[in-house]
Amino acid sequence: MFDANCLKLMFVAGSQDFYHIKGGKNDRINALLDALELALQSKITAFQFRQKGDLALQDPIEIKQLALECQKLCQKYGAPFIVNDEVQLALELKADGVHVGQEDMAIEEVMALCKKRLFIGLSVNTLEQALKVRHLDGVAYFGVGPIFPTQSKKDKQVVGVELLKKIKDSGIKKPLIAIGGITAHNASKLREYGGIAVISAITQAKDKALAVGKLLKNA
């Protein structure tokens, strides 16, 4: 079951987001699991598993194994576990949700595959994209961004807080979650529009518990 409260502070990450950690692949995997547990203890409201980028795992078996370990941690702390893009993996793991982008499978196809077994989040980068699927009950929420400049989506044009405002003003009732360059310093600007999703605000933080606390306070 989808509860919009889980969008308050979503941590999005994969092992590639720990590129600053010395060592190899296993060190990055361990760093992700450690950071996730700390973030869960500090009360993030959901976790999205995202393997993308130069240092992302490539072997499907390794990806599934890591996803499973992340899912177990989420279950331990009672937080929803969401898989980014990989619909088949999300179904195999019986994840709580799956998040897809505009470049992925057609949203109608995702809905047909999921058969309401897990909730679906959809990334939108324009008002038109949001309006086009506003009527689809199978889409639980919209991910909107990048709101601010970000390292993890260098190729994407920044849409700014303006897009959140446009979507809200258009009468769209679906819950929104903002992503892209969000920090404890700018999170409060987004509070009236919905939840926030962060990567580096947690992965790069020296004190992850403190970072989560500040984000929650401002979200």
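Each residue, glycine too, has its Cβ placed from N, Cα and C.
Here Swiss-Prot flags Gln48, Phe49, Arg50, Gln51, Lys52, Asn84, Ser123, Lys153 as 4-amino-2-methyl-5-(diphosphooxymethyl)pyrimidine binding site, drawing on sequence analysis. For Asn84 (4-amino-2-methyl-5-(diphosphooxymethyl)pyrimidine binding site), the same-chain residues 6+ apart in sequence whose C-beta sits under 8 angstroms from its C-beta are Val12, Gly14, Gln48, Phe49, Arg50, Gln51, Lys52, Val98, His99, Val100. In the three-state DSSP scheme, Asn84 (4-amino-2-methyl-5-(diphosphooxymethyl)pyrimidine binding site) is classed as strand.
Swiss-Prot lists Asp85, Asp104 with the feature Mg(2+) binding site. Mapped onto three states, the DSSP output places Asp104 (Mg(2+) binding site) in coil. For Asp104 (Mg(2+) binding site), the number of other Cβ atoms no farther than 10 Å from its own Cβ, over all displayed protein chains, is 17.
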Quick one: of Gln48, Gln51, which of the binding-site residues has the smallest count of other CB atoms within 10 A?
Gln51
For each of the binding-site residues (Arg50, Lys52), count the other CB atoms lying within 10 A of its CB, then report the residue with the highest count.
Arg50
List every residue in the same chain as Asp85 (Mg(2+) binding site), at least 6 positions away in sequence, whose Cβ is under 8 Å from its Cβ.
Arg50, Lys52, Val98, His99, Val100, Gly101, Asp104
How many neighbouring Cβ atoms, not counting its own, are there within 10 Å of the Cβ of Ser123 (4-amino-2-methyl-5-(diphosphooxymethyl)pyrimidine binding site)?
21
